[in-house]
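According to Swiss-Prot, the feature signal peptide maps to 1-29, an assignment based on sequence analysis. Taken from Swiss-Prot, the feature pyrrolidone carboxylic acid covers Gln30. The disulfide bond annotation in Swiss-Prot covers Cys85-Cys96, Cys107-Cys124. According to Swiss-Prot, the region 'Disordered' annotation covers 135-176. Taken from Swiss-Prot, the feature compositional bias 'Pro residues' applies to 141-176. The proline amide feature in Swiss-Prot is assigned to Pro173.
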Amino acid sequence: METQGASLSLGRWSLWLLLLGLVVPLASAQALSYREAVLRAVGQLNERSSEANLYRLLELDPAPNDEVDPGTRKPVSFTVKETVCPRTTQQPPEECDFKENGLVKQCVGTVTLDPSNDQFDINCNELQSVRFRPPIRRPPIRPPFNPPFRPPVRPPFRPPFRPPFRPPIGPFPGRR
């Protein structure tokens, strides 16, 4: 009887631990990831925009390292680029291709990771039109060719040519 009561008690504890294990992930899964919060902010920017096409996340700066409450505002910095999808479409921006030579905007501000709180404060400024073309390959710049200095090669020194000395034959004037 005692073992039967112990096994019932153990079964109840197992059931409680199982239920607790199911509830805790649900509570922690409610917080958005940094990227998800930024994607929601981009969606809100697209809804509030008066421009013809949707914008899509191009680059996201790394998340701050501090672990804080999901309800607090986190600083964000990211870039968006114009897509080919019109703003009136129901298609998500992530499924749209980037527009060739589309506008690129740098955005900074704050977002919250709490999914029930869609508050964000984002300001975007146009950077430039980005053209995706391969870089021009140019040959490397080389300095002009200057060979090492070498003095001119001269023939070995030879004295001027003089015929060999031949004593004169005959009487010499001034000698006796």
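Glycine too: its Cβ is placed from the backbone N, Cα and C atoms.
Note that the structure is predicted; figures quoted are calculated from it, not measured.
Cys96 (disulfide bond): 18 other CB atoms within 10 A of its CB, across all protein chains. Under DSSP, the residues of the region 'Disordered' (135-176) split into helix, strand and coil as follows: 0 helix, 0 strand, 42 coil. Cys96 (disulfide bond) falls outside any helix or strand according to DSSP and counts as coil. Cys107 (disulfide bond) carries a strand DSSP state (E or B).
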